[in-house]
Amino acid sequence: MLRLFSLALITCLIYYSKNQGPSALVAAVGFGIAGYLATDMLIPRVGKSFIKIGLFGKDLSKPGRPVLPETIGAIPAAVYLFVMFIYIPFIFYKYMVITTSGGGHRDVSVVEDNGMNSNIFPHDKLSEYLSAILCLESTVLLGIADDLFDLRWRHKFFLPAIAAIPLLMVYYVDFGVTHVLIPGFMERWLKKTSVDLGLWYYVYMASMAIFCPNSINILAGVNGLEVGQCIVLAILALLNDLLYFSMGPLATRDSHRFSAVLIIPFLGVSLALWKWNRWPATVFVGDTYCYFAGMVFAVVGILGHFSKTMLLLFIPQIVNFIYSCPQLFKLVPCPRHRLPKFNEKDGLMYPSRANLKEEPPKSIFKPILKLLYCLHLIDLEFDENNEIISTSNMTLINLTLVWFGPMREDKLCNTILKLQFCIGILALLGRHAIGAIIFGHDNLWTVR
């Protein structure tokens, strides 16, 4: 009954989108619901097939270590791409030709009263949209390759930049803006209001395409965390878009409409995946979903022209990466898996540890470890000679356990997601308040 009601709602939303405005966003909601239903239906039906072909893993944080299907993130990714292809006529509905005399002439078009010339088809927007889909397709393929062949970090770290090439090329051809604004207090010294970064701006965008997927992949290992953080990021991005729809100038609304129509269907398929991946999980998402989801946010930030704001929403992921650097760069021994340790006796998660007795850290880093311990940023274990013999692994997940003590897996995940949401809200407030003070204006308002 619920599915019949949902299908009826989808039909009404899509029909409404053809006859009323704002058509693109209304249709996006309809396709988001459709994506949720399709993903929710497919996941339980394909799980056993994934296990049969060897795509499975053991849940180390459960008694008995049950075997669960892995790489299930490929299902919502495939559904999302399929939905976004079907969505094309709806986002460009107002430009569609309904009468033509041939020879490429547009005689009569569907017209929406929005102050735009509907006879001029926005090929630049279509190329951006298609490049985004092509970029995401390439990312999904790379993610599946990683899940199948278990690529080493040094090999897969830069792969998202290769997948982002279509996106960067279309940005260069259709938009090509590489100027960044200078804070007002620096304008007097530099005698200019902006700086052209040229090629370095493309390096920055490629770096963002590398960072977003990998940052989600690093902050993982707890049931529901990979998908949960992406749902929180999607909600925060939509809140930012809503600010521009309600308060922003007309010039910025198209970019944020583009952002919203990419995010809403993504939110739909992610909610369906989260239903099966949250504690106690029945499926694993795999690296495929982490790459796919991260690239969605990179694409939205780049093509929506608010990449700096998007990076602010990734503050917990940035902190997690910086916090992990001593282990990632081998200053401190780094186990292959740094997941929190599950205690079967009480069912709680404890910080996992790196053994420093067998493989001591670099001598220059020992005082830093003790400083971090004093700041309560890590937990150290000492022997009778006051020598360090182990440290908690340096991830945001383990740090949460160091701060708040052992907790059940679902509570641990919810704590990190609440932290992500609160920091994201503060980041948005800071972006639109402090940014306006530093630069003298913001896209939402101007400071005089």
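Glycine too: its Cβ is placed from the backbone N, Cα and C atoms.
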*Looking at Swiss-Prot, I210, F211, C212, P213, N214, S215, I216, N217, I218 are annotated for dolichyl phosphate. Which of K125, K156, K275 sits in that same site?*
K156
_Does the structure show the transmembrane segment (24-44) and the transmembrane segment (202-222) touching, where I'm treating 3 or more Cβ pairs under 8 angstroms (sequence separation 6 or more) as a contact?_
no
*Between R336 (UDP-N-acetyl-alpha-D-glucosamine binding site) and N217 (dolichyl phosphate binding site), what is the CA-CA distance rounded to a whole number of Å?*
14
_Leading stretch by Cβ pairs under 8 Å, where the reference is the transmembrane segment (129-149) and the options are 202-222, 231-251, 256-276, 283-303, 309-329_ = 283-303
*Please give the sequence-distant neighbours of the transmembrane segment (387-407): residues at least 6 beyond its ends with Cβ less than 8 Å from one of its Cβ atoms.*
218-219, 221-222, 225, 316, 319-320, 323-324, 326-327, 332, 334-335, 338-340, 343, 346, 348-357, 361, 366, 369-370, 376-381, 415-416, 419
*Could you state the whole-number distance in Å separating the C-alpha atoms of D59 (UDP-N-acetyl-alpha-D-glucosamine binding site) and D287 (Mg(2+) binding site)?*
15
_Cβ within 8 Å of the mean position of the Cβ atoms of K156, I210, F211, C212, P213, N214, S215, I216, N217, I218: remaining residues of the chain near dolichyl phosphate_ = P160, C290, Y291, G294
*asked:* Taking DSSP as the reference, which of helix, strand or coil describes N217 (dolichyl phosphate binding site)?
replied: helix
